[in-house]
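Novice: Quick one: the structure is below, and I'll ask about it shortly.
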Amino acid sequence: MAQNDTVKLIGCSDDPFSIRPRVALHLKSIKYEYLEEPDDDLGEKSQLLLKSNPIHKKTPVLIHGDLAICESLNIVQYLDEAWPSDPSILPSNAYDRASARFWAQYIDDKCFEAANALTGANNDEERIAATGKLTECLAILEETFQKSSKGLGFFGGETIGYLDIACAALLGPISVIEMFSADKFVREETTPGLIQWAVRFRAHEAVRPYMPTVEEVTELVKQRIEEGFKRNFKSNVSTSEYE
């Protein structure tokens, strides 16, 4: 596959995972066309998305020539291998590379599982359990940052790397959870490294154009809640016995 083949990215501004390939594309200075996909709950999925990702039918999807690559972490790895010139995203050392992949999967499996459990909690017991689990996950991630950064600014050391990009998907959801709950999960006493990392990461030139602010994410969530309420109201009215 030639590097000069057309590159497109199907993403969604509401999807926290879509930021991962956008940061990677920016770091690699790859020219591409960005195709905004409507929110899953607000509109029909495009035919291009359904054709490109027929299994999960979700963003993001990278289209390189006539090839479609799905899943955000998989896309980032593909970009690093298909465009091997500097800067490298994955570590060059085999052990460090395997470790970065392990912790990236930990973020998607454990951290997001805890975050989703908290937002979907139906009672105080479930909320307390999910709060404890998310706190534990972030404490482990803090420890991982301290070890992998080696006293430098990013998980990847001096520069943004694979694990930084993986962790980027957490920033929006955690900010929203903190905004709508009484809990503070990223705080100086327990996650000082992650706090400073988030500030540096958001300010990076490869991140800033694609990472919404906390206020923007919160406003978007409020808008989605309002739109969901309106849709449910219209649906209930149209199916009532008075129709």
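We count from 1, first residue shown onward.
Using the three backbone atoms N, Cα and C, a Cβ is placed for every residue, glycine included.
Sharing the record's features from Swiss-Prot:
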type: BINDING; residues: D15, P16, E44, K45, K58, T59, E71, S72; note: glutathione binding site
type: DOMAIN; residues: 5-87; note: domain 'GST N-terminal'
type: DOMAIN; residues: 93-220; note: domain 'GST C-terminal'
type: MOD_RES; residues: T159; note: phosphothreonine
Novice: Max CA to CA distance in Å over the glutathione-binding set D15, P16, E44, K45, K58, T59, E71, S72?
Specialist: 21
Novice: Please compute the mean pLDDT of the model over the domain 'GST N-terminal' (5-87).
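Specialist: Residues in the domain 'GST N-terminal' (5-87) carry a mean pLDDT of 94 in this prediction.
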Novice: Non-local Cβ contacts of T159 (phosphothreonine) (under 8 Å, 6 or more apart, same chain)?
Specialist: P87
Novice: Relative to the Cβ position of D15 (glutathione binding site), how many further Cβ atoms are located within 10 Å?
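Specialist: Its Cβ shell of radius 10 Å holds 18 other Cβ atoms.
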Novice: K45 (glutathione binding site) has how many other Cβ neighbours within 10 Å of its own Cβ?
Specialist: 15
Novice: Could you tell me how many residues in the domain 'GST N-terminal' (5-87) are helical, how many are strand and how many are coil under DSSP?
Specialist: 29 helix, 17 strand, 37 coil
Novice: Mind giving me a neighbour count for S72 (glutathione binding site)? Other Cβ atoms within 10 Å of its Cβ, every protein chain shown.
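Specialist: So the Cβ neighbour count for S72 (glutathione binding site) comes to 28.
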Novice: Using other CB atoms within 10 angstroms as the count, which residue among the binding-site residues E44, E71 scores least?
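Specialist: Minimum Cβ neighbour count within 10 Å, taken over the binding-site residues E44, E71, occurs at E44.
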Novice: Just counting, how many other CB atoms are there within 10 A of the CB of P16 (glutathione binding site)?
Specialist: 22
Novice: So, three-state DSSP: helix, strand or coil for the residue listed as 'phosphothreonine'?
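Specialist: Once the DSSP labels are grouped into three classes, the residue listed as 'phosphothreonine' ends up as coil.
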